[in-house]
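Chemist: Marked as domain 'Major facilitator superfamily (MFS) profile' by TrEMBL: 23-492. Taken from TrEMBL, the feature region 'Disordered' applies to 496-516. Per TrEMBL, the feature transmembrane segment maps to 21-48, 68-87, 99-118, 162-189, 212-231, 347-364, 370-389, 401-420, 440-458, 470-488.
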């Protein structure tokens, strides 16, 4: 019976030790890269417009046409959605570890390829960028279900939430690193190739060398991913996959004896006894009756959260310009603009995004997933309405700092809230053989929300206005509160207990129950 398998029990009650931290770093570096790659594009879209879409004699610098801008910003999200579904399914079929290496190699190759282009004309550059960003997103997508599943299956019962949240929290550092890379690269080029603002020198304000700036920023994402490849390949397959899905007790015991540094015996006969009654598939009535509502809960909450979260993140720079935190484009040179956008993103990340993630890590095993998610959605709703209703008030010179503080607080509660918990919970509540698949489905629903947010916001902002867009996001966050009630609390319970695998074996094999 799964509950009595010594190797799983040993994992559940293991003291926090060095291997837990190495697993967090190895899985977390993937997430660091994911966030860097997904969000660094918003730092350089204005520069791409100046470089490739400049019109002679125009009073304003070149900017990406809205369809190109939407494609550049969102194509990686489309790739991510496809990758989450495909690699989530593959992770349950082939094992977490084998698939983990594939996603990482894809990320390294495509990160570098994004910074290269076939040809010099705008169409060729944008087509290359979009093509490789789609496949980069595909690799990133695989990282979501695999990182979460690997960490949940390695962790102990008591601190599992904090460990999975810590992997996810590396996203905050990735966003921070993106801003810092933009600051450093643009400052270095600015010092070497000084240029005047656009309104004083239309052509000279964008030195030709600026073309290297966006390429360096985009390609930098390959480095952290490449560094962790070796360590990912050294990690053993998780014992829960080996024992419960691959049905190889000997291998599971051998792998975990090395990791936990304790003697564990193989218990193959217990695994053989559990085969009956424990093999329903994703589309079976059994799955729907046991986990159907849970899956609805994890997919809808992640979908709603990402509409708000990604539209906020991708369009930070527009909001900063709207409240004059960043000057008008024509009042800056191209490199100055990259520098300022990078600085603004770094400040928001430093003050609200990163602390929000780590608050979740600190409290998730104390107050539970449900309470954090509910509280996060509640405050996001409150702050969105507080920004939207008196929107005119916030645009006045004297109140701009207040606007930025409120905006930062929405980020803080997204991260000390549903942004982290929607990632943690699907890795805990589904059976081992469907865990990676269900996490992938939940994450893909999130990315569908991100795509709605990215495209929707782009067009809504033009025709709908910032105020109405913020009101809409407030309603979206309120719906998040409602759907949170479908998601069960998993604090302090073993994975087998949450997924019902422990009960199944009771029914499946009474003789084992009697023996146990």
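Cβ atoms here come from the backbone N, Cα and C positions, even for glycine.
Quick one: how deep are these features, and who are their neighbours?
Modeler: Distant neighbours of the transmembrane segment (68-87): 37-38, 41-42, 45, 48-49, 53, 99, 102-103, 126, 129-130, 133-146, 310, 314, 436, 440-441, 443-444, 447-448, 450-451, 454-455, 458; these residues of the same chain sit at least 6 beyond its ends, with a Cβ under 8 Å from one of its Cβ atoms.
With a cut-off of 8 Å between Cβ atoms, the residues of this chain six or more beyond the transmembrane segment (99-118) that come close are 30, 33-34, 37, 83, 87, 90-91, 124-125, 127-129, 132-133, 135-136, 138-143, 146, 150, 214-216, 218-222, 225-226, 228-229, 232-233, 235.
Nonlocal intrachain contacts for the transmembrane segment (347-364), taken as residues 6+ away from its ends with a CB within less than 8 angstroms of a stretch CB, comprise 161-162, 165-166, 168-169, 171-173, 175-176, 179, 316, 372, 404, 407-409, 411-417, 419-421, 424, 491.
Residues 301, 305, 308, 360, 363-364, 403, 406-407, 409-410, 413-422, 467-468, 470-471, 473-474, 477-478, 480-481, 484, 487-489 of the same chain lie 6+ residues outside the transmembrane segment (370-389) yet bring a C-beta within less than 8 angstroms of a C-beta in it.
Same-chain residues lying 6 or more positions outside the transmembrane segment (401-420) and placing a CB less than 8 Å from one of its CB atoms are 165, 168-169, 172, 301-302, 305, 308-309, 312, 319, 323, 325, 348, 351-353, 355-357, 359-361, 363-364, 372-373, 375-377, 379-380, 383-384, 386-387, 394-395, 480, 484.
Long-range contacts of the transmembrane segment (440-458) within its own chain (CB-CB distance under 8 A, at least 6 residues past either end) are made by residues 66, 69-70, 73-74, 77-78, 80-82, 84-89, 91, 141, 144-145, 295, 298-300, 302-311, 314-315, 422-423, 426, 469.
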Chemist: Find the member of 21-48, 212-231, 470-488 that has more C-beta pairs under 8 Å to the transmembrane segment (162-189) than any other listed stretch.
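Modeler: The stretch I would name here is 21-48.
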Chemist: Could you tell me the mean pLDDT the prediction assigns to the domain 'Major facilitator superfamily (MFS) profile' (23-492)?
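Modeler: Mean pLDDT, the domain 'Major facilitator superfamily (MFS) profile' (23-492): 87.
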